[in-house]
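See structure below.
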Amino acid sequence: MSTNRHQALGLTDQEAVDMYRTMLLARKIDERMWLLNRSGKIPFVISCQGQEAAQVGAAFALDREMDYVLPYYRDMGVVLAFGMTAKDLMMSGFAKAADPNSGGRQMPGHFGQKKNRIVTGSSPVTTQVPHAVGIALAGRMEKKDIAAFVTFGEGSSNQGDFHEGANFAAVHKLPVIFMCENNKYAISVPYDKQVACENISDRAIGYGMPGVTVNGNDPLEVYQAVKEARERARRGEGPTLIETISYRLTPHSSDDDDSSYRGREEVEEAKKSDPLLTYQAYLKETGLLSDEIEQTMLDEIMAIVNEATDEAENAPYAAPESALDYVYAK
């Protein structure tokens, strides 16, 4: 990372630091959830570790007052940037009534919050893609200046929903930003056993849209790609397919044993490019972050995480008689 790249992209010094703070908050919430899971307090974790830079860099490039996001299950960085809180995410992890995603009904990672235009996802992967296309179409019909931003893993890009959504969006030049977070594994299946093409973005040409592959460990590179896609969408030029390359630093989920399909040496080598470390180094090079500032930031974040954990652990579960609430609109 070279000096002051963020300024060349139109980001202020404060925005550049805020990106790091959001990445660090996502990581610390995620780490706490693993501890809670291993101590038997929450049943399931599906991690964002290693993908925070792509998620936060993308979110900062969007209009967070207007655009719609349709995140996939690892996108803690996206939803935090769009207004969810540590408390919201902990309520979801503990499946408590105050969980804003589903009132304690869904598994963690099924993000949804109407007030922040975070659209609820489903457990079958890639269902969010055609939904994003539908939102973009509705925005076009209602003459609203919005974009729909949708994410998915590289394994999900092999599903029919991806093809149908990408084709429809391209034909109708809809303002959709497709972002594939390629973390090298679809659960246990390595990338080279999933697809024959070199990059997921190579598929874009078949739909008649631009495709670009960027370093998912660099939030500024992702920011630039998403910003350009957002501007292109606003000009009425249609969708863009962005592929971010990162590495999943944890097992697929808390129920997975990744030692059965990848070695510790591979994971340890990937940790050398941990986006929190590389972006931290950039901020220190540019004089925006010092050890003292970082420690203060970490102390503040851990206080937030601790408070969110305590509140969620002590919060009530949903009443049994409310089990069928929210099935139908009233």
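Cβ coordinates are placed from backbone N, Cα and C, and glycine is handled just like the others.
Matching Tyr68, Tyr72, Tyr73, Tyr185 to the substrate binding residues that Swiss-Prot gives (Phe44, Met107, Pro108, Gly109, His110, Ser123) identifies Tyr73. Glu154 is the residue from Glu154, Glu164, Glu198 that Swiss-Prot records in the Mg(2+) site together with Asn183, Tyr185.
Long-range Cβ contacts of the compositional bias 'Basic and acidic residues' (259-272) within its own chain (Cβ-Cβ under 8 Å, at least 6 residues beyond either end) map to 50, 185, 188, 190, 247, 249. Sequence-distant neighbours of His252 (thiamine diphosphate binding site) (same chain, 6+ apart, CB under 8 A from its CB) are Ile46, Tyr185, Ile187, Ser188, Asp258. Cβ-based neighbour count (10 Å, all protein chains) for Gly153 (thiamine diphosphate binding site) stands at 24. For Gly109 (substrate binding site), the same-chain residues lying six or more positions away in sequence with a CB closer than 8 A to its CB are Ile46, Tyr72, Tyr73, Arg74, Gly121.
Cα separation, Phe44 (substrate binding site) to Glu154 (Mg(2+) binding site), rounded: 22 Å. Apart from Phe44, Tyr73, Met107, Pro108, Gly109, His110, Ser123, the residues listed for substrate, the same chain places the Cβ atoms of Ile46, Gln106 within 8 Å of the centroid of those Cβ atoms.
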